[in-house]
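*Asks:* The structure is given below, and queries will be raised subsequently.
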């Protein structure tokens, strides 16, 4: 009589338990995706590039009143950022370009040294333009080598 519980055979209960576990999307502390369990369904939601804004349309909308670009930094609450209000009219979320930064990686590096989320911007060392500094350092190094070659009459 131990093989049945409330009139159902134990094999049916075990089968139902295994089936329900295999059909659920669960994550545990170590294997949850960035953003938590609810972000598992983001593959089904399409995203698009955020609207262009700023001088010459070279920036991107980061929030409803924030427009940022590598060439000009960020405009917050200005006429250049006014076009970003239109992002609120879209039902499809937009994808802000830039490396993750800020508290819990909730923002994006949108300009040299600037990290923004949809509400605010802040200076962040993770967003420094390392490629630009590397180019300047290479130029300085080449000039130094050229001067050394002239001093040694190798030129």
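Placement of Cβ uses the backbone N, Cα and C atoms for every residue, glycine included.
Straight from Swiss-Prot, here's the annotation block:
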SIGNAL    1-26  signal peptide
DISULFID  27-32  disulfide bond
MOD_RES   35  glycine amide
DISULFID  50-94  disulfide bond
DISULFID  53-67  disulfide bond
DISULFID  61-84  disulfide bond
DISULFID  68-74  disulfide bond
CARBOHYD  88  N-linked glycosylation site
DISULFID  101-115  disulfide bond
DISULFID  109-127  disulfide bond
DISULFID  116-121  disulfide bond
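Each of the listed features needs to be described in terms of its position in the shown structure.
*Replies:* The Cβ of residue 50 (disulfide bond) lies under 8 Å from the Cβ of 60, 61, 62, 87, 94, 95, 96, 97, each of which sits 6+ residues away along the same chain. When secondary structure is read from DSSP and collapsed to three states, residue 50 (disulfide bond) falls in the coil class.
In sequence order, 59, 60, 61, 67, 69, 75, 80, 81, 83, 84 constitute the residues six or more apart from residue 53 (disulfide bond) in its chain with CB-CB distances below 8 Å.
According to DSSP, residue 61 (disulfide bond) sits within a strand segment.
Sequence-distant contacts (6 or more apart, same chain, Cβ under 8 Å) of residue 74 (disulfide bond) comprise 62, 66, 67, 68, 110, 111, 114, 116, 121.
Cβ neighbours of residue 88 (N-linked glycosylation site) (same chain, under 8 Å, six or more residues apart in sequence): 64. Classification of residue 88 (N-linked glycosylation site) by DSSP places it within a helix.
Residues near residue 101 (disulfide bond) in space but far in sequence (CB under 8 A, at least 6 apart, same chain), listed by position: 107, 108, 109, 115, 124, 126, 127.
The DSSP secondary structure for residue 127 (disulfide bond) is helix.
Of all the Cβ atoms in the protein chains shown, 21 others lie within 10 Å of the Cβ of residue 121 (disulfide bond).
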*Asks:* Of all the disulfide-bonded residues given, 67, 116, which has the fewest Cβ neighbours within 10 Å once its own Cβ is left out?
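*Replies:* Ranked by other Cβ atoms within 10 Å, the disulfide-bonded residues 67, 116 bottom out at 116.
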*Asks:* For a quick check of packing: other C-beta atoms within 10 Å of the C-beta of residue 115 (disulfide bond), how many?
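*Replies:* Taking all protein chains shown, residue 115 (disulfide bond) has 27 Cβ neighbours within 10 Å.
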